[in-house]
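K.L.:
Copying in the features that TrEMBL gives for the protein in this structure:
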DOMAIN    25-73  domain 'Galactokinase N-terminal'
DOMAIN    109-196  domain 'GHMP kinase N-terminal'
DOMAIN    354-429  domain 'GHMP kinase C-terminal'
Amino acid sequence: MAGDSPSAVPVQLVEQPRLQKLKEMFISKFGSAPKFYARAPGRVNLIGEHIDYCGYAVLPMAIEQDILIAVEPAQTQVVQLANTNSSYLDFSTSVNNIQINKTKPQWHNYFLCGLKGIQEHFGLNNPTGMNCLLDGTIPPSSGLSSSSALVCCAGLVTLRVNGKTLSKVELAEICTKSERYIGTEGGGMDQSISFLAEEGTAKLIEFSPLRATDVRLPSGATFVIANSCVEMNKAATSHYNIRVMECRLATKLLSKSKGLEWRKMLRLHDVQSKLGVSLEEMLTIVEEVLHPEPYSTEEICKCLGISLEELHSQILSQNMQDVSTFKLYQRAKHVYSEAARVLEFQKICSEAPANALQLLGELMKQSHISCREMYECSCPELDRLVDICLQFGAIGSRLTGAGWGGCTVSMVPTDKLNAFLKNVKKAYYQTDGQRLAVENNSLFATKPGRGALVFVEA
């Protein structure tokens, strides 16, 4: 249940080869055995892209790939971090002086986000140090939330080491806020599903207040993840934060045109709820109020009746000061139409009509077109991969995660799954030597997995 805290599960290590191996590596690294293990999964978002930070519901599920951390509380106030993957360097720091470097999104900085979030929430004056060895199976920069899973796992570790408890919802909210220390203005989907996921069901995740509702996926189809092998790191590029800002500016212009208190309005959802209209009506309002041509900063100031100085100091964030044009019509159009597709997807899953798969597939295709044309968060490789997936039997296929690289998710009839995997492998991965090298982890069927938890040796 969402109200509970993540469970602590006793395990026999002999039955868990990955934990056993992690324990052995931990002992050879730190000279003693871990006291517990924490795990947080990655996720795939089935539909609802770039709308969580606008206040709208999304529809993800957890995947089995995860971040697993072996932990031993330390007598000193030092955090020592090591990674089973030798390309990620060891790191240590005092727990009393957490510095997070926004200019370099290195792996240990995501751990420090989760650590700092929990410390600040409880106002811990004397936090416990720890030795941690991390093992991750989520491909990095792939749009499957490896970074958020690491933040969540670090939050869970810090909570347990310091003898505190929180509900899953509270943990998700703290980890959402604390990931912003690294400069990403995320909306909360990734952290929420990492904690709130349950095996066998996807979740409709709604915000303000945060809540999760089971979504039973239709039988007869399997969701397949395919990695474009184009890496995209949200914290390292400005695309993502520019989109967040374009949505905020669209919110202000729409609010102003409707006589609302635009200075207080931050998210596109706020406009809809203040006006009390449907998503369809919001799309009509977007057509009436905003124009497809990009807006200059001067035009935005004119529409809002403010000076450039006020725009720069009050509305644009620090890293947006050099951006000179913003596309508001396209971004708002994507958000309101995508928010409607999420609700429609949920409705089809719950009503389960005979043609459910066709209807869901159609929504996924529409979502990808909107991401590509209106939100401009796709890339040529993702578009090609979606086309290949549809060509070889997917009923629906779309980019998932922030985009600009990363993965696609496709809905494939289960009886065609093996042929689909073979054909996509041949068409996308075997035409390119670099992709061939990583294709084993790049194309896989998935099913809804469970959320974050703690393992203790039985």
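Glycine is no exception: its Cβ is also placed from the backbone N, Cα and C atoms.
Please treat TrEMBL annotations as automatic predictions, because they have not gone through curation.
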K.L.:
When the domain 'Galactokinase N-terminal' (25-73) is classified with DSSP, how many of its residues are helical, how many are strand and how many are coil?
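P.N.:
Residue counts for the domain 'Galactokinase N-terminal' (25-73) by secondary structure: 9 helix, 28 strand, 12 coil.
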K.L.:
Mean pLDDT over the domain 'Galactokinase N-terminal' (25-73): what is the value?
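P.N.:
Taking every residue of the domain 'Galactokinase N-terminal' (25-73) together, the mean pLDDT is 98.
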K.L.:
Summarise the domain 'GHMP kinase N-terminal' (109-196) as counts of helix, strand and coil residues per DSSP.
P.N.:
53 helix, 8 strand, 27 coil
K.L.:
Tell me the residue counts in helix, strand and coil for the domain 'GHMP kinase C-terminal' (354-429), as DSSP assigns them.
P.N.:
46 helix, 12 strand, 18 coil
